[in-house]
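Q: According to TrEMBL, the protein has these features:
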type: ACT_SITE; residues: A:Lys187; note: active site, proton acceptor
type: BINDING; residues: A:Trp11, A:Arg31, A:Tyr48, A:Lys103, A:Glu269; note: NADPH binding site
type: BINDING; residues: A:Lys103, A:Gly132, A:Lys187, A:Asp239, A:Ser249, A:Asn251; note: sn-glycerol 3-phosphate binding site
type: DOMAIN; residues: A:3-155; note: domain 'Glycerol-3-phosphate dehydrogenase NAD-dependent N-terminal'
type: DOMAIN; residues: A:176-308; note: domain 'Glycerol-3-phosphate dehydrogenase NAD-dependent C-terminal'
Number of protein chains: 2
Amino acid sequence: MNVSVLGCGRWGTFIAWYVNKAGHDVTLWGRQGSKNLQVLMDSRKNDYLTLPDEIELSHSLENAVTSAEVIIISISAQQLRSFAKQLSQLNEIEGKTFILCMKGLEADSGKRLTQVFSEELGKSTNVAVWVGPGHVQDFVNHIPNCMVISSENIEITKKIVQAFNSDLIRFYYGQDLIGNEIGAATKNVMGIAAGMLDGLNYSSLKGSLMARGTREISRLVRAMGGNDLTIYGLSHLGDYEATLFSLHSHNRKFGQMFVQGEDFGKLAEGVSTVKALKELSAQYHVELPISDAIYEILFENKDAKKTLEDLILRPVKFEF
Amino acid sequence: MNVSVLGCGRWGTFIAWYVNKAGHDVTLWGRQGSKNLQVLMDSRKNDYLTLPDEIELSHSLENAVTSAEVIIISISAQQLRSFAKQLSQLNEIEGKTFILCMKGLEADSGKRLTQVFSEELGKSTNVAVWVGPGHVQDFVNHIPNCMVISSENIEITKKIVQAFNSDLIRFYYGQDLIGNEIGAATKNVMGIAAGMLDGLNYSSLKGSLMARGTREISRLVRAMGGNDLTIYGLSHLGDYEATLFSLHSHNRKFGQMFVQGEDFGKLAEGVSTVKALKELSAQYHVELPISDAIYEILFENKDAKKTLEDLILRPVKFEF
């Protein structure tokens, strides 16, 4: 099958490498001026892996999209709307299958990424998400993991799983797109919270954070019409190791450096998700105390130590 | 209030220290010949803390029990039945409140510890459990955590929480004794599994383990008549940080050393729990694939790497 991967950051480049290994013809696209693509064109390498010669590298969005049956998108989540507008200008996108590999929500609207995508491209394309745990660093060292493909159409989901399943990534069929998208995005917020706890020498409170965090997001998913058990599956709880505990996790690291007064150098995706959750909390009338606390620390200069102590050690007597 | 703590290992000694700090008169009991008690008598210290002089150290079980209104038990879970038989011989135990601080199940019968206790002592005593996350090493360094008190009588639960709550340990009322006891015991099995993954360089599969492990035990709790959400609270998921990720965790360490062919020096409590789960799986007709896999590795010489790969990477297509 012809597959194009749009976006050549750490994760997009890994996906191109992986999909090629799974037996497909792959084009990896980067925008004009992309440093990542230039490095790949010059050396066919990045910090994590070497791309085989048969993967085509391209600056032409039109070629990448028109030549492929399945198009995988791995760009910054907050840029998805403008990028989707660009895609909608192209010919021949009808009937194609797009897979979104980002974990985020639109910051201003709280919308899920498949919603954003469908609003811009209409309903004539198929859209799915590819979420769940896994570090690029591990995969390239042959350490396998389980991930999830989810869409509103089980036939599309099955087709994608069949095409991309391997010993390295064992895919499950997602059965709840709302839950899988909200779960995948919000685990980054818990990652920031975990990093803050690490930075405050409160790592042992990450247990309470996991119990409370899953419950909080589960309530939101239910209010949004999803299945409240989805959060306890791979897309959210199953991604906690990679996000709340791993040294590789950007969101955890961001939270840790934030409370230590250091500069992470860029915003972690969970920062935008915290904004989106403020929106969703209001829209669906669901209290999100952990997300609110992180919002107050990040955007309202509340003291992290006191805010997290009040949050996790506050006198709530009953657990549920 | 007069409180006695029976058992002077790491956790029992900490509890005596903690309950004294919470304002109670405390007796700490150890059996005749206990090395731990001898060290405490000689130096009033162990590897973790120093006991204040007002804590009484005693070899007399009768004195410890008769002098106290609340009696906290922290011994090996597998010795609880014989110990409870011994207690049942004593006078004046009626109406007293016993709190079990161990996390385990009776290996041969699969029975919960409060069941074992009540079978031996009858119904004339109150029995509760004290479970949830927290490392002695952290508490003595003033790092707080949240824990759970659970019993079949909410008034007893409230009385215990009121007596022992502090800034260091924030107690929640457990609302599901079955779920809290099964959850607390079985997190040790997940701890062994996590350690095995660590030892096999598969730490990144701990995310999948968490998602699958909680679900497996949740199904068991429901079959046993408990609430299937309890597992996602403090007693089980909330204890995963301390058990699946912490270097302090005995069960995790045991699993890691086991697959590395090293000797941990003793059996971790989760080993007995795996046996108990075999029993419960049969009694309640609930499949427990993770627990079964650990059983096969520990007791049937199955290869750990292959067994865990088959378990976690097996082609189960739907998550739920």
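Any Cβ shown, glycine's included, is placed from N, Cα and C.
Automated prediction, rather than curation, is the source of TrEMBL annotations.
How about a rundown of where these features are and what they're close to?
A: Counting only same-chain residues six or more apart in sequence, the Cβ atoms lying under 8 angstroms from the Cβ of A:Lys187 (active site, proton acceptor) belong to A:Lys103, A:Ser235, A:His236, A:Asp239, A:Tyr240, A:Thr243, A:Leu244.
DSSP assigns A:Glu269 (NADPH binding site) to a helix in the three-state reduction.
Proximity of A:Asn251 (sn-glycerol 3-phosphate binding site) to non-local residues of its own chain (separation of 6 or more, Cβ distance below 8 Å) is seen for A:Asn188, A:Val189, A:Gly191, A:Ile192, A:Gly195, A:Thr243, A:Ala268, A:Glu269, A:Gly270, given in sequence order. DSSP assigns A:Asn251 (sn-glycerol 3-phosphate binding site) to a helix in the three-state reduction.
Sorting each residue of the domain 'Glycerol-3-phosphate dehydrogenase NAD-dependent C-terminal' (A:176-308) by its DSSP state yields 98 helix, 0 strand, 35 coil.
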Q: Around A:Arg31 (NADPH binding site), which residues of its chain at least 6 apart sit with Cβ under 8 Å of its Cβ?
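A: When sequence neighbours closer than 6 are ignored, A:Arg31 (NADPH binding site) has A:Leu37, A:His59, A:Leu61 within Cβ distance under 8 Å.
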Q: Ranking the binding-site residues A:Asp239, A:Glu269 by other Cβ atoms within 10 Å, which is at the bottom?
A: A:Glu269
Q: Taking the residues the record says bind sn-glycerol 3-phosphate (A:Lys103, A:Gly132, A:Lys187, A:Asp239, A:Ser249, A:Asn251), how far apart in Å are the two Cα atoms that sit farthest from each other?
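A: Roughly 15 Å, rounded to the nearest whole number.
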Q: Let me make sure I understand the structure: which of the binding-site residues listed (A:Trp11, A:Tyr48, A:Lys103, A:Gly132, A:Ser249) has the fewest other Cβ atoms within 10 A of its Cβ?
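A: Candidates: the binding-site residues A:Trp11, A:Tyr48, A:Lys103, A:Gly132, A:Ser249. Fewest Cβ atoms within 10 Å: A:Tyr48.
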Q: Look up A:Trp11 (NADPH binding site) in the DSSP assignment and reduce it to helix, strand or coil.
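A: Assignment for A:Trp11 (NADPH binding site) reads helix.
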Q: Any idea what the model's mean pLDDT is for the domain 'Glycerol-3-phosphate dehydrogenase NAD-dependent C-terminal' (A:176-308)?
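A: Result for the domain 'Glycerol-3-phosphate dehydrogenase NAD-dependent C-terminal' (A:176-308): average pLDDT 97.
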